[in-house]
């Protein structure tokens, strides 16, 4: 956590911090992973997903899309991440985006500003993905490593499975049928799982497994099954791999990963920037963001997909995806 956050905590009594820590563990972090997700807030507070996302965006200092304990302190103390900054620092952020210095940020300036920061952090994102996926330590990602790790890190699917609560529901269902707890389903377990609502023949189950089994081990891991629910086939993922593997040598280099991330995320960034302009320019509805709008709306509620690209430059945080 940043020095700013440390200073904020330093002004609080130790017993208050301990009490908040217990509250965080007992009532908020329901899956005990050390963070509070949008899905957990929705369930706990009976909020809409949009409300939960907005709350997390206002507190998400390290821009990972979750609420860490230190960020939870901000929430419980009625503060927000922008209060960790001085007015001069926020003004500097605004001026960095306002390229022509006319006191307002145009859609084009926002596009260019976000992309400038984006190009600076994409190398770090690529290196992090390579490190996470590279099981054999050769500095590259082969097809099997891509299947095992990256298909759940990159936004390849377009279906409802990007909803965290949806994923959690199916993960719990999946685990009920994973009798030995090894994280995968055998043919028999898969048959039992899939036949809850509809009866399938052995041949149909075998065909389904062949479509879902990304690493060809004859079993179905949860990530494989979940990608199938998201409308992503094995052939589609292979096409994604080959599109990133520019030299067609069967493995992805760090340089190729930079290219792949840029291509995959470009459309997402376009969508998020357009959404930011629409949601931020609410006072005079002129299609631009003035300084008041920047402070009161844009900076506070910036979605974490853009947050993770822009604000870490000022926070000194690593980008997580």
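Using the three backbone atoms N, Cα and C, a Cβ is placed for every residue, glycine included.
For 29, 31, 33, 35, 40, the entry in Swiss-Prot reads Ca(2+) 1 binding site. With a cut-off of 8 Å between CB atoms and residues at least 6 apart in sequence, the same chain places nothing near residue 33 (Ca(2+) 1 binding site).
Feature annotation from Swiss-Prot assigns Ca(2+) 2 binding site to 60, 62, 64, 66, 71; the stated evidence is sequence analysis. For residue 60 (Ca(2+) 2 binding site), the Cβ neighbour count at a 10 Å cut-off comes to 24, with all displayed protein chains included.
For 98, 100, 102, 104, 109, the entry in Swiss-Prot reads Ca(2+) 3 binding site. Residue 102 (Ca(2+) 3 binding site) falls within neither a helix nor a strand when secondary structure is assigned with DSSP, and so counts as coil. If you take the C-beta of residue 102 (Ca(2+) 3 binding site) and look for same-chain residues 6 or more apart in sequence within under 8 angstroms, you find none.
Positions annotated as Ca(2+) 4 binding site by Swiss-Prot, on the basis of sequence analysis: 134, 136, 138, 140, 145. For residue 134 (Ca(2+) 4 binding site), the same-chain residues lying six or more positions away in sequence with a CB closer than 8 A to its CB are 140, 141, 145.
Residues within less than 8 Å, Cβ to Cβ, of residue 184 (Ca(2+) 5 binding site) and separated from it by at least 6 positions along the same chain comprise 178, 217, 219, 220, 221, 222. What Swiss-Prot lists as Ca(2+) 5 binding site is 178, 180, 182, 184, 189.
Look at Swiss-Prot and you will find 213, 215, 217, 219, 224 tagged as Ca(2+) 6 binding site, backed by sequence analysis. With a cut-off of 8 Å between CB atoms and residues at least 6 apart in sequence, the same chain places 147, 212, 213, 214, 215 near residue 224 (Ca(2+) 6 binding site), listed in sequence order.
Residue 249 (Ca(2+) 7 binding site) falls within neither a helix nor a strand when secondary structure is assigned with DSSP, and so counts as coil. Listed in sequence order, there are no same-chain residues at least 6 apart in sequence whose CB falls under 8 Å from the CB of residue 249 (Ca(2+) 7 binding site). If you look up Swiss-Prot, you'll see 245, 247, 249, 251, 256, 284, 286, 288, 293 marked as Ca(2+) 7 binding site.
Here Swiss-Prot flags 15-49 as domain 'EF-hand 1', drawing on sequence analysis.
If you look up Swiss-Prot, you'll see 47-82 marked as domain 'EF-hand 2', on the strength of sequence analysis.
On the 0 to 100 pLDDT scale, the model's mean across the domain 'EF-hand 3' (85-120) is 77. Per Swiss-Prot, the feature domain 'EF-hand 3' maps to 85-120.
The domain 'EF-hand 4' feature in Swiss-Prot is assigned to 121-156; the stated evidence is sequence analysis.
For 165-200, the entry in Swiss-Prot reads domain 'EF-hand 5'. Outside the domain 'EF-hand 5' (165-200) by six or more residues, the chain places 31, 39, 42-43, 49, 206, 208-209, 217-222, 225-226, 229 with a CB less than 8 A from a CB of the stretch.
Positions annotated as domain 'EF-hand 6' by Swiss-Prot, on the basis of sequence analysis: 200-233.
Annotated domain 'EF-hand 7' per Swiss-Prot: 232-267, in sequence order, evidence recorded as sequence analysis.
According to Swiss-Prot, the feature domain 'EF-hand 8' maps to 269-304.
Among the binding-site residues 60, 64, 71, 189, 286, no residue is found with its Cα located within 10 Å of the Cα of residue 109 (Ca(2+) 3 binding site). With the fewest other Cβ atoms inside 10 Å of its Cβ, the least crowded of the binding-site residues 31, 35, 180, 215 in this structure is 180. The binding-site residues recorded for this entry are 60, 66, 180, 256, and the Cα of 60 lies nearest to that of residue 100 (Ca(2+) 3 binding site). Each residue contributes its Cα atom, and for residue 256 (Ca(2+) 7 binding site) and residue 189 (Ca(2+) 5 binding site) those atoms are 38 Å apart. Residue 286 (Ca(2+) 7 binding site) and residue 182 (Ca(2+) 5 binding site) are 56 Å apart (CA-CA, integer value).
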